[in-house]
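Features of the protein shown, as given by Swiss-Prot:
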type	residues	note
BINDING	Q37, L38, R39, I40, K41, N69, S108, K137	4-amino-2-methyl-5-(diphosphooxymethyl)pyrimidine binding site
BINDING	D70, D89	Mg(2+) binding site
Amino acid sequence: MYQPDFPPVPFRLGLYPVVDSVVWIERLLQAGVKTLQLRIKDKCDEDVEPDVANAIKLGRRYGARLFINDYWQLAIQHQAYGVHLGQEDLETTDLSAIRNAGLRLGVSTHDDMEIDVALAARPSYIALGHVFPTQTKQMPSAPQGLEQLTRHIERLADYPTVAIGGISLERVPAVLKTGVGSVAVVSAITQAADWQVATAQLLQLAGAGDE
């Protein structure tokens, strides 16, 4: 049963772009995206704070669900919609501070054991990846594929889920057939020949999520 220890999110978050700049955040909000994540890696809080603050302001202006990857203290300080954490961050993050601030929490997983860890934290949603090979980041595990993703979705039937990793426009229909509630994309938008066309096509397939 879906009883998160954090504020809930819609069962279907729809298209969920993960981008590394405020420029992309604003572009995608203007294009009608309602769920998105700012993922800036390997910078100190002081350097990244202006971007985090501006992204959160934009998300609020557009009524969007903006998640901040990793920088949970800044997310709390600037009142983001939510925070997304990797498995390695769960042990070093003050989850109660995120909860008490009223922020949603998303957690990455790559296998059954990590799903167990995520469920123990009772987050708002669980991300499942990486589904296909990806060049976006170095991955310690092998791609899960659609069969494994389907099995995880069956296990998490009443939990909001997000599929991520190597998902191109052409692969979205097959990914959605697994029953996953959201499709996270990176290069399918940021490396597209025409990002506006790609975003519109992805929104048509995956939707903007439930209200």
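Here, residue 1 is simply the first one shown, and the rest follow in order.
Just so it is clear, glycine is given a Cβ too, placed from its N, Cα and C backbone atoms.
Small disclaimer: the values here were computed from a predicted structure and weren't measured.
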Cα separation, D89 (Mg(2+) binding site) to L38 (4-amino-2-methyl-5-(diphosphooxymethyl)pyrimidine binding site) (Å, whole number):
16
At a 10 A cut-off on CB-CB distances, which of the binding-site residues Q37, N69, S108 has the highest count?
Q37
Just checking, which of L38, I40 (binding-site residues) has the fewest C-beta atoms within 10 Å of its C-beta?
I40
Greatest C-beta neighbour count within 10 angstroms, which of the binding-site residues R39, K41:
R39
With a 10 Å radius around each C-beta, find which of these binding-site residues (D70, D89) has the fewest other C-beta atoms nearby.
D89
I need the CA-to-CA distance for Q37 (4-amino-2-methyl-5-(diphosphooxymethyl)pyrimidine binding site) versus D89 (Mg(2+) binding site), whole Å please.
16
For N69 (4-amino-2-methyl-5-(diphosphooxymethyl)pyrimidine binding site), what is the secondary structure state per DSSP, taken as helix, strand or coil?
strand
